[in-house]
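*Asks:* Quick one: the structure is below, questions incoming.
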Amino acid sequence: QNEEKWDFVLVSDIHEMGSEKEIKRKKFLDELSKKGFTIKKIEDTKLFYGVRAPQHIFWKYQCLLTNPNSRQQNSSAYQDVPVTTRIRVVHFILQNTVTSDLEKLHDLMKKKVFEAAFPLHKKEEIREILKKKWARWRVLFKEQPIEEIRCYFGEKVALYFAWLGWYTYLLIFAALAGLATVAAGATVFSSSQVSKEICDANNTIMCPLCDQNCSFWVLSDTCTYAKVTHMIDNEATVVFAMFMAIWATVFLELWKRERANVATSWDLYGWDEEEEELALQLINNSQHEPRPYQHSYFRSTIVLILALLMIMVLIGIAHALVIYRAVAMALFTQSEVNLLSKHADIVAVMTGAVLHYITIVIMTKVNWHVALFLCDLEKPRTFSQRENSFTVKIFLFQFFTNFSSLIYIAFFLGRINGHPGHYVRIAGHWRLEECHPSGCITDLFIQMAVIMVLKQTISNIMEYLIPLISHQLRKKKKRPKKRNLMLGEEEEAEDPCKRQWLNNYELNEVNIFSLFNEYLEIVIQYSFTTIFVAAFPLAPLLALINNVIEIHMDAIKMMRLRRRMVPRKAKDIGIWLQVLEAIGILAVIGNGLVIAITSDFIPVQVYKYMYSPCMRENHTSMDCSTGYINNSLSVFHIQDFEPHTKVLPEFKGQQIKEYRDYRNADDYTYTVQFWHIFAARLAFLILFEHVALCVKLIAAWYIPDVPQKVKNKILMEKHSNLRNELRWVMPWKVPG
């Protein structure tokens, strides 16, 4: 039985005898044989080589990496090495075995000498448990078997699922708070004075929204929109934004505690990645010299400049989307189709959002290659260093890809487009788009909703269907040839390994980035859930639904559709923690800006406490925001329109129309109220951010990173180790 335990399988095409590829393959397998590896060959449509490492390699590994006091206790009895460790050690040796031509497995795979190398999914008890308790849709709301995941996929994958499960669990609270905010908007604030005034404004005639074919319109047309806007733009949103800033901090602090528990129960506190790597290098080659740390300011400068250039390109793409919307708006309003010309603004925003989604999909691929290229320029020393450097770069690029368009809509849209009679134009022709008449937050809400729904549904479907279909295709492709072979020679098909190796080969391949992709997807989603959450309080709910599905989809992919991942050791989620902390700070700034700049919260407050009837006369019974809408409109004289604005004939006689801004009627300069509001926005922003950041700091201080139980456990271990050392020292120190 023991004979048939194979650590790795190498797959290669059947090359002609004496060909260059065949010679290279033989050289590599000979190197492995010299190291004491057992190799078994099975021939099918491809050549399969089963590889098993000799036991002494794992003894060396245990010797080098167990702590000294445990070495004294059981120097005679070596425990069995866990399967995950076996696979990790063998994988390292395979990747670092050098042939006489100075080629490693990586180079041989590039030259198509070998096609694949993978560890096997074996029929183990633990695999059956995972399939039953984890990798199926029926257990959607059950707790994940983290301990079993660790024993099968290693610590790194187990930590990812522990983190994802923890994040999903805490999203329940954020989702409930978001629902409560929307519910409050729909009930308490639905009868708000502001939306009532918009709905009653039958005589308020507004300036046209485009140059051609747009007539003047009545403010009460936007009644429904005003009500929807008020559902997301009200006092409850401010409280919710504050809550989310605290939630993000508490989530990370609680995760640090959870991680500390996990790391001690898995005995990872003393584990050091660098030491592990050096030990593996020495086991592979006892003459190995470590590669020293290096840092070059010249390289760093080049990388920095290239990264900034890339970010400029991504911001440029956001500008292109802005131009698209301005041009689309002009073209849709002139369209013959009545539906298009009537709802031109919404159609422009919706198609803009879809286009934005398409650019996200394309740019993700480009960002990937650029980040890899920049990583190679830096020449990181170890795999984990390379991974960290890659993580930071790809996250920055992805952040700008996903958010530059949203940042424009939130903070610039409708603020830089001039005023009637003096519009800012693209190429002197197309008017920059304005916010929706009922407020800019509506545009941000639409954009967020479209992107989050599209991103989560489409990418999840693709993520599941592509591996499923490609697995089915691989199966179909491999089978028929095999059957012919079985008819010819019965006895060769008897080998029990053959079926198992073929089944594993037919699964989709995994690479070092398989887990990285999952992290990146969730971290970008976390950004959406926290940064602009004030404009889209339903984001946490969408994220929660997505994550519950995501956990089980990832599980099914890993267990049933993909080859087994090479297990890696890790004691935390690595640099992702710093990325999440950075997002937490961005979330405070982002939500502060959304409430201060995008929403109508501040103008309404300024009006209430400085300009409303309540201030002039002592009306306690009256709603203080009465008259706000009329106050927020400015007067415009039709004769001041630019020549290429067509005014429809029925309005030729009338002189005065209105638009939303705070400007004087005679020379269109800003009024004093505009500057009051501007000052109030800044004051609110500074106040909100300082309060939120202080609360974050207090929360971080209040919740200790490491639970007392864990600290005490480590303390007792250190104490008993030192005591043992002392016992060994005592006899020699007796003075003669």
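For all residues, glycine too, the Cβ spot is worked out from N, Cα and C.
From TrEMBL, for reference:
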DOMAIN    84-146  domain 'Anoctamin dimerisation'
DOMAIN    149-714  domain 'Anoctamin transmembrane'
TRANSMEM  157-186  transmembrane segment
TRANSMEM  236-255  transmembrane segment
TRANSMEM  301-326  transmembrane segment
TRANSMEM  346-374  transmembrane segment
TRANSMEM  394-413  transmembrane segment
TRANSMEM  523-552  transmembrane segment
TRANSMEM  573-597  transmembrane segment
TRANSMEM  678-703  transmembrane segment
*Asks:* Which residues of the same chain, at least 6 past either end of the transmembrane segment (573-597), have a Cβ under 8 Å from a Cβ in it?
*Replies:* 159-160, 163, 237-238, 241, 244-245, 248-249, 252, 255-256, 259, 384, 387-388, 391-392, 395, 410-411, 415, 441, 444, 519, 523, 526-527, 530-535, 681-682, 684-685, 688-689, 692-693, 696
*Asks:* Does the transmembrane segment (394-413) come near the transmembrane segment (236-255), with 3+ Cβ pairs under 8 Å (pairs 6 or more apart)?
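*Replies:* The answer is no, given that the two segments have fewer than 3 Cβ pairs within the 8 Å cut-off.
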*Asks:* Flag the pair the transmembrane segment (157-186) / the transmembrane segment (678-703) as in contact if three or more Cβ pairs fall under 8 Å (sequence separation 6 or more).
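*Replies:* The answer is no, given that the two segments have fewer than 3 Cβ pairs within the 8 Å cut-off.
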*Asks:* Can you give me the average pLDDT across the domain 'Anoctamin dimerisation' (84-146), rounded to a whole number?
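*Replies:* When the pLDDT values over the domain 'Anoctamin dimerisation' (84-146) are averaged, the result is 87.
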